[in-house]
Amino acid sequence: MGMRMMFTVFLLVVLATTVVSFTSDRASEGRNAAAKDKASDLVALTVRGCCAIRECRLQNAAYCGGIY
């Protein structure tokens, strides 16, 4: 295998790695955004004291950790 052929194979491997990395990164952005939104809602409810109030806690059970 000549130097030119080895260099071509190297470039193809780099390109394939970049494409796979880029597409998997974009796929995870949606999951990260959803988790970030839920976390920010939980922080907002907790800071306001909502999770300490029974009625508010029942209405926001998903954010306050369930019904107790």
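Numbers run from 1 along the shown chain.
Cβ atoms here come from the backbone N, Cα and C positions, even for glycine.
Keep in mind the model is a prediction, meaning the values are calculated, not measured.
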Discussion item. Let me make sure I read this right: Swiss-Prot says Cys56 forms a disulphide bond with another cysteine. Which one, out of Cys50, Cys51?
Written reply: Cys50
Worksheet, complete the sentence: The correct three-state DSSP answer for Cys64 (disulfide bond) is helix
Practice prompt. Count the Cβ atoms, other than its own, that fall within 10 Å of the Cβ of Cys50 (disulfide bond), considering every protein chain shown.
Written response: 17
Discussion item. Using other CB atoms within 10 angstroms as the count, which residue among the disulfide-bonded residues Cys56, Cys64 scores least?
Written reply: Cys56
Response to the item:
Counting across all protein chains, other CB atoms within 10 angstroms of the CB of Tyr63 (sulfotyrosine) number 19
